[in-house]
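So the structure is just underneath, and the comments pick up after that.
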């Protein structure tokens, strides 16, 4: 199938031939391309230096946005043609890694430039500036450089068919299919940001049922809400929640929490502070600052009389500042991220744990020097704690899918071994479609004597390991699907 798929993608855009994924379209890039930056001794081209993460996005077809610019040549004006280079982390005196460059630094472009050798050879293309140097470092958002000549060419989909398409890696799409969501089911995406798998699950359910998307970052939760709205999906409910605190025990649902069991919040525990109605006038942009203290104190007094709810002095001060200064960024987004105290055990039909990981499978990846054997093992420990939460939330007879975007066996096959050994009611299940390779069988002994156990013979064909060097040409990825049996035993 991989050979067939690879051979079918001769043009830049082609339809996926994998059964069940006919709605997927492949967009093929090209490169590396040689670029003439117009370098002349003693007269180097104007230059913009971007962060590594910005550069990785550019190599995948994005433009250079203002937050990604680290430094720039002097006298750069709007409309100038500039060379775009990347700042990659360097060894720091404390033994760690860092850039050693302050945002706004002036680049000279000659060998006497103290940062010349750090970026020498690390140029990713050429483009036209959309702002002057002053504008780039004053603005908070927007396109800084329109990339029109790239080392790796991929079309930009900015503002193209918004609400109709979503860019995603093939293994991520396969993950949603492996979960096999059904209409009317209740599904949890534990680490949902940026929302690609969440929306893919909702689409596979025909937007019928309930998909709960949780993430511990407020802004990322807001991004999921925005994406769901763009795609017109109504079955997605978002919450701000740390995955390590996903389970709420029934006897903990008291004091400062309220356990909701209505149609919209079935078996979800929400902080009582989120259930209180907003303070009168707190949404107004024109409340005079001189009257803010008086108005808020009166509102708090009324709240206390009517609800007998304790309001801390810190919260009073915070709301006074909000009334004086107007709504902040979160309020201006037109929505808010509801805080959750977790979910009751056995309250979901299916759970997806796309766990935070070392991301060693991502492409392009310009730097991975921060990872050591110790940090890789720590990733595995962190993921086990999240898995312990996830397995409690799936009802007997339900499905739990675990995935990562790394090629590290300690975060993949070793997690599967841990899960099967600890939870006897779990069993690996076949996945459809199956286009990834088999998992790794065996074990690995570390220098300190620790033995990391992987899969056992017969289990390798029940997981999917995506190798970046395979004919499919995907990112590195891993998917394991578990069926949850009776938990009574």
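The count begins at 1 with the first shown residue.
Every residue, even glycine, has its Cβ placed from backbone N, Cα and C.
Matching 103-130, 131-158, 243-270, 271-298 against TrEMBL, the residues noted as region 'Disordered' span 271-298. For residue 405 (active site, nucleophile), the same-chain residues lying six or more positions away in sequence with a CB closer than 8 A to its CB are 169, 171, 357, 359, 361, 362, 475, 476, 477. Its Cβ placed at the centre, residue 193 (S-adenosyl-L-methionine binding site) has 23 other Cβ atoms within 10 Å. Annotation for the binding-site residues 191, 195: lowest Cβ count within 10 Å of the residue's own Cβ, 191. Cβ neighbours of residue 197 (S-adenosyl-L-methionine binding site) (same chain, under 8 Å, six or more residues apart in sequence): 172, 175, 176, 189, 352, 354.
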